[in-house]
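Report on the following structure.
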Amino acid sequence: MQLPAVPGALAPSLLAIPVAFGINGATALADSPLALMLTVVLVFAGLFYIIFFVSGVSHFQDPLFCVFVVFSFTSIVDLIISLEEDGYISGFMEVYVREGEPYLRTAHGIMICYWDGIIHYGLYLAMIAAISQRKSYRNLGLFWLGSLMMSIVVFLLGNLIGKYSSDLSPAFLLNLPYVLIPIWAGVKLFQQPKALPCHSPEKVAEEQRKRLYQRPQDMGLVLLLLLTAAFTFFRGMVVLDCPADSCFEYIYQHEPYLRDPVAYPKVQMLIYMFYVLPFFCLCIYGLVLPGCSWLPDWSLVFAGAVAQAQFSHLGSSLHARTPFPYQTPEDVWWSFLITNVLYALGPQLLAYRCLRCPAFFLPATPASLHHRRHRRQHRSAPAAGPLPRAGTGARGDTMHPRGPWAAGPAALLLLISVLASDTLLSTRGRKKVVHVMEGDSGAVVVQTAPGKVVTHRGGTIILPCRYHYDVSAHDPAEIRLKWTKVTEPMAFVDVFVALGKARRAFGSYRGRTALQEDGFGDASLIIRNVTLQDYGRYECEVTNELEDDTGMVKLDLEGVIFPYHPRLGRYTLNFHEAQQACLEQDGILASHDQLHQAWLEGMDWCNAGWLEDGSVQYPISRPREECGRKDTPVGVRNYGYRHKESEHYDAFCFTSNLNGKVYFLKTYRKLSYAEAVQACKNNGAAVAKVGQLYAAWKIQLLDRCEAGWLEDGSIRYPIVNPRARCGGQEPGVRNLGFPDKKYKLFGVYCFKKAGEAAPEKALGGGHPNRV
């Protein structure tokens with residue numbers, strides 16, 4: 001059987017839908033990255049056979065036919081991944097992305113999948129159709145070449161140096177064909193004959209005689225490319241941590257996505273700076289001097305590269321999957337969009353101009369050479385006895401270079417001028433001294449509070465940080481103050497930045513943070529309405545462009561730790577599920593310091609649980625055989641850092657002061673879970689969460705010897721003063737497990753926010769329960 005080329009290509013590409021669904025189910029059972037990789041390799045082997053069977057042998061005379069068909073299959077797979085990650089579909093590539101390439105879940109990964117599944121897929125079908133009709137597809141192929149190479153280079157380098165570098169699996173090797181095959185395909189494309197335009201030598205000579213001012217469209221392109229080149233250099237300096245105030249303001253106020261630790265945006269800007277910027281300079285050269293026959297082909301390559309890169313960069317900057325502190329601020333959306341769209345438009349306009357009227361870029365004709373020789377002789381006629389120029393031929397003709405290397409001096413001058421502009425136009429480069437201690441070293445030194453500062457949820461706290469500067473030697477408006485929160489040993493989240501009079505808070509800290517500014521040198525940060533997520537270590541950094549120093553402040557919360565497992569039973573939570581479980585119960589994963597403090601206060605728990613740093617630990621105050629043998633010492637037992645995806649334990653959660661009240665709702669009869677939910681709702685409240693009950697027990701000293709429903713379906717009750725028939729001799733929150741929700745055997749604990757009265761009127765019939 002043999003089908004026409006395009007339907008023959010559609011058949012294997014559309015097979016990606018059932019194949020992806022089947023692989024997802026099969027690899028869910030294998031649960032092994034190596035098995036996943038082998039399965040994908042077998043699928044591609046079968047795909048080659050399908051291509052040969054459906055399309056026949058005739059189209060294989062062009063070796064790129066097979067490449068485009070196979071890549072069209074992977075384009076559909078990428079489209080499925082992007083739609084699945086955005087929640088439009090499910091059950092197709094979930095296992096592969098989770099086990100094989102988790103970095104595809106980033107905003108950048110989703111956007112390149114959209115581009116591959118839509119734009120590249122359309123290009124593959126167009127080129128397959130051209131092959132079947134024996135037509136030239138060289139221009140489409142060059143655009144595709146630039147687009148795919150830009151996509152895969154940024155993707156691979158970002159994975160190797162970014163936050164996912166430690167999560168690479170054997171499936172990462174499946175990206176290597178996307179590097180090797182396009183290189184081979186690019187060689188084949190450049191070897192294909194060009195479609196020469198039908199221009200007479202006289203027409204070519206006429207076009208090439210025109211000066212730049214006689215070509216207004218080219219003059220506009222040159223101006224656009226100059227601006228684009230300057231912007232490229234500026235953003236490259238921004239990601240290289242340029243100390244200029246303009247760079248600092250831009251990365252925080254306009255494109256905070258450039259700081260995302262996934263590293264894709266940084267790699268993208270560096271590729272722009274070191275590869276695309278020189279090409280822009282060469283393009284300017286090619287638009288000024290005629291005969292640069294290399295420009296039409298390479299303009300298509302770079303048009304595809306920049307189009308793909310800008311689509312991914314724009315989409316990732318605005319995508320909800322990007323962490324909020326790195327998303328583009330709403331107040332600069334329009335300027336951000338216009339700037340980046342114009343940046344992408346320049347190479348597209350250049351490629352269109354080269355294709356629409358290529359006569360200016362054709363090799364010089366004899367007529368145009370004669371005209372240029374005559375013009376040069378006319379200009380040099382008044383000078384008596386001119387010296388021959390370097391590179392002049394035997395007949396006196398100046399040999400103008402036509403290769404891309406000819407614009408090297410122009411590119412170098414442009415780079416130097418942009419780099420020096422900030423220094424020449426300001427005096428910010430001179431060395432200035434910021435200090436807080438005696439001595440003349442000039443180093444920046446920051447003093448913060450020793451130990452820690454303590455507050456509770458809903459409170460207001462000041463994180464102290466002071467510095468000093470010599471007013472006569474330094475302008476205080478040029479001191480940069482930056483507060484960040486340490487989330488991992490080498491990971492930080494921006495909290496607050498101040499430069500002169502400019503202030504900006506990030507993420508959840510917006511509207512809650514401000515500088516204390518109690519006199520000169522006070523960088524202390526005020527945090528209002530403290531949340532559980534605010535707990536941790538904060539870094540205060542003071543910078544004066546040349547010197548900087550940092551100090552650490554630890555923010556601790558008063559609260560309580562509680563062990564937690566869901567209805568499914570013990571040891572059923574991986575790290576991420578444990579995080580979510582704590583959040584759902586009005587808490588966060590506890591830290592090691594919090595767990596250790598709880599152990600010092602007598603906490604004893606025989607089940608290991610996740611902590612916020614990814615370690616698994618449990619506190620033992622009374623050694624016993626079932627908890628690691630009776631002869632082992634007391635302390636916090638530590639399993640170390642465990643695999644966050646594949647290993648399962650309980651969770652140790654932490655919660656703090658309540659912005660409301662937990663109370664036991666008096667009823668005249670026992671309730672099922674559904675009746676308990678409705679009873680609290682009728683009382684203007686909600687069923688209390690586990691964390692809220694623990695906080696009420698620890699902080700509000702709630703003591704009630706009456707079992708009641710909680711929001712997760714468990715039955716618990718708090719005991720401050722142990723007594724007979726109330727569950728033992730130790731204070732704590734008693735847990736009776738997760739009974740069937742239809743049983744009408746218990747009361748209910750409700751939670752009502754502050755400012756609302758919590759009446760405990762009796763509901764239903766019968767007699768009220770007694771304590």
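Glycine is no exception: its Cβ is also placed from the backbone N, Cα and C atoms.
Bear in mind that TrEMBL entries carry predicted annotations, made automatically and left uncurated.
From a predicted model like this one, the values you see are computed outputs, not experimental measurements.
These come from TrEMBL:
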DISULFID  C606-C627  disulfide bond
DISULFID  C705-C726  disulfide bond
DOMAIN    61-186  domain 'EXPERA'
DOMAIN    217-351  domain 'EXPERA'
DOMAIN    443-558  domain 'Ig-like'
DOMAIN    560-655  domain 'Link'
DOMAIN    660-752  domain 'Link'
REGION    372-401  region 'Disordered'
TRANSMEM  32-52  transmembrane segment
TRANSMEM  64-83  transmembrane segment
TRANSMEM  103-130  transmembrane segment
TRANSMEM  142-162  transmembrane segment
TRANSMEM  168-187  transmembrane segment
TRANSMEM  219-240  transmembrane segment
TRANSMEM  269-288  transmembrane segment
TRANSMEM  332-352  transmembrane segment
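The structure, with features from TrEMBL marked on it.
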residue	record	CB count, 10 Å
C606	disulfide bond	14
C627	disulfide bond	16
C705	disulfide bond	18
C726	disulfide bond	17
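C705 (disulfide bond) and C606 (disulfide bond) have their C-alpha atoms 24 Å apart, to the nearest angstrom. The CA atom of C606 (disulfide bond) is located 22 Å away from the CA atom of C726 (disulfide bond). Between the C-alpha atoms of C726 (disulfide bond) and C627 (disulfide bond), the distance comes to 25 Å. Against the transmembrane segment (142-162), stretch 103-130 has more CB pairs under 8 A than any other of 103-130, 168-187, 219-240, 269-288. Computed over the domain 'EXPERA' (217-351), the whole-number mean pLDDT of the model equals 91. Per DSSP, the secondary structure of the domain 'EXPERA' (217-351) breaks down as 110 helix, 0 strand, 25 coil.
With DSSP states grouped into helix (H, G, I), strand (E, B) and coil, the domain 'EXPERA' (61-186) comes out at 102 helix, 0 strand, 24 coil.
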